[in-house]
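Novice: Take a look at this one; I'll ask things after.
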Amino acid sequence: MAKLMNKLVDSFEHDEIPDVGCVRAVLAELVLTFLFVFTGVSAAMAAGSDGKPGDAMPMATLAAVAIAHALAAGVLVTAGFHVSGGHLNPAVTVGLMVRGHITKLRAVLYVAAQLLASSAACVLLRFLSGGMVTPVHALGRGISPMQGLVMEVILTFSLLFVTYAMILDPRSQVRAIGPLLTGLIVGANSLAGGNFTGASMNPARSFGPALATGDWTNHWVYWIGPLLGGPLAGFVYESLFLVQKMHEPLLNGEV
């Protein structure tokens, strides 16, 4: 165990030692993720999505939940973008870490903060709601775990692809409002996948309700899917679309 821990410590670069900025960023992820999960789960509870896991939600209920998640994601990502990047999501954090945009230590701290925040939000909601049913992400009736996995991969891929295009690509013309626009793809994906998998796209968003209710049925789908889709989107965008120079300038005398 000691050797394993030493290898783990050695795997972190020296410039990853937490500083004041890192601590602030982790605290921002804690607060922002708490608010996002609290808003999303409470909206789902208020909208009446408390049927049996796997039951299809009426379109009005699904739309209400999607709008709440879209607004919360857009506003909170914008609010925290200048502090922590406004990840709110382990899939975003891991995807950016794999592509080298954040350090490994910061990624670990972010994910820990996100999971803690989600858990606290859902436990508090159970207390504040008087024990109302906490909706958990579940596969729709007739949807196999593998089908759900692929759906979560695709939904998370689209989320991260849009993030790269609007925020990380230096050629983007909407970087200033990119975080706010991110909420639109969250809402669209929630409508598209809500009755298939619940459209998690976010392991932290799924973790809190599962912990609060003790319902871990097919919970792995909501980890593996997003954690595959996020890095895949980064790889595809950076490999095919994130071109540093559109063309090389001609030298004098060349035609």
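One is the number of the first residue shown, and numbering goes on along the chain from there.
Just so it is clear, glycine is given a Cβ too, placed from its N, Cα and C backbone atoms.
The transmembrane segment annotation in Swiss-Prot covers 25-45, 61-81, 108-128, 148-168, 176-196, 223-243.
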Novice: Would the transmembrane segment (25-45) and the transmembrane segment (108-128) count as touching if the test is at least 3 Cβ pairs under 8 Å, pairs 6 or more apart?
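Specialist: Counting Cβ pairs under 8 Å (6 or more apart in sequence), the transmembrane segment (25-45) reaches the transmembrane segment (108-128), since there are 3 or more.
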Novice: Counting only CB pairs under 8 A, let me know which of 61-81, 108-128, 223-243 has the most with the transmembrane segment (148-168).
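Specialist: Answer is 223-243, with the largest number of Cβ pairs below 8 Å.
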Novice: Please indicate, using numbers and ranges, the residues of the same chain that are 6 or more beyond the transmembrane segment (223-243) and have a C-beta under 8 Å from a C-beta there.
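Specialist: Cβ under 8 Å, 6 or more out: 89-92, 94-96, 98-99, 148-161, 163-165, 168-169, 197, 200-203, 206.
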